[in-house]
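Below is one structure; the comments refer to it alone.
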Amino acid sequence: MGRGDGHDDALRRWLREAGGWLVVDGALGTELEAHGADLQDELWSARCLVSAPHLIRKVHLDYLEAGANIITTASYQATLQGFQSRGVSREQGEALLRRSVQIAQEARAIFVEGRSKGPYAARDEKDAVASGARRPVLVAASVGSYGAYLADGSEYTGDYGRSVTKEALKNFHRRRLQVLADAGPDLIAFETIPNKLEAQAYAELLEENDIRIPAWFSFTSKDGASAASGDPITECAAVADSCRRVAAVGINCTVPRLINGLILSISKVTSKPIVVYPNTGETYVAETKEWVDSAGAGAGGGGAPGTDFVSCVGKWRQAGASLVGGCCRTAPATVRAISRALREADAADTDDEFPAVAVL
């Protein structure tokens, strides 16, 4: 298993400062839509970098108020190639990538300075104490897969066709990664990775571009044993483990009921921190660009997906996850519940370690 260096150590230090775990934010796109944004566009949430940056900042603040330690930038589907296809110049596209990081940094500054009083601000003394204690507050630059740029659902299958080689993927991502890194985020989140090939491309790019910002690799799975492409999840995680610039590895945009087994599988091939942020259990239909209910979608195979999701947070923590959040269709309320569930899991562990002693 890979040994930590400065990148791994930075994340571990943040975890120690936060008490052993960090809360990642939730979905961006559906929250932007809830605030009135029109995302019927191939650029998806990245469209708001042009049309409504204030809404992005608002959603970031909502998640911070709800208890998130890490907010991810609105760059998941923001690519230079995608911008150029919409008539945005390369220079303007690079400026928008930098802006995605700046907006998140602005939200953090507002939150840390105590100037945010939105609907998800701490509701009681317990939440207020927890909100103040859950430091640090970090910005993760989001890097979506090549399939996210295609906007054809291939980020959920990993089927890019034989013509898409590792070198082609590196060329596609190289400049975007460098621009995001130069903007000064705390972390770089490579999200919804559907196959081993793209993970290998990312790992090589981190080395070739000498990216010195801690990164995490997060894969997506449909069966609990493999990445979306069918590549064994252990092989995918091993790619991340072998790259000294990757600080954490895990799973996102996967149904909750598969998460525990995936954590256990990943932990067999890496000692790096594990990050998990599942969706609510629904299935994305690429043809209609809609999410639909899935049979047995919840963490326990039935019931309300959101309820099952939160009920398993303690179990995921016990299995080895140290960064926990939500992906598609989750909301600030989900993140607040995750934060509370992690605190309760910690309290239960403390009670088990130091049981009450009866006094006669």
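From the backbone N, Cα and C atoms, a Cβ is placed for every residue, glycine too.
Just so it is clear, the model here is predicted, and its values are computed rather than measured.
What TrEMBL records for this protein:
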type	residues	note
BINDING	C253, C327, C328	Zn(2+) binding site
DOMAIN	10-342	domain 'Hcy-binding'
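Everything TrEMBL records as a feature, shown here on the structure.
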residue	record	Cβ neighbours (10 Å)
C253	Zn(2+) binding site	23
C327	Zn(2+) binding site	25
C328	Zn(2+) binding site	20
Averaging pLDDT over all residues of the domain 'Hcy-binding' (10-342) gives 89
Other than C253, C327, C328 themselves, what residues in this chain have Cβ atoms within 8 Å of the centroid of the Zn(2+) site's Cβ atoms? A27, T192, T220, N252, T254, Y277, P278, N279, G326, R329, T330
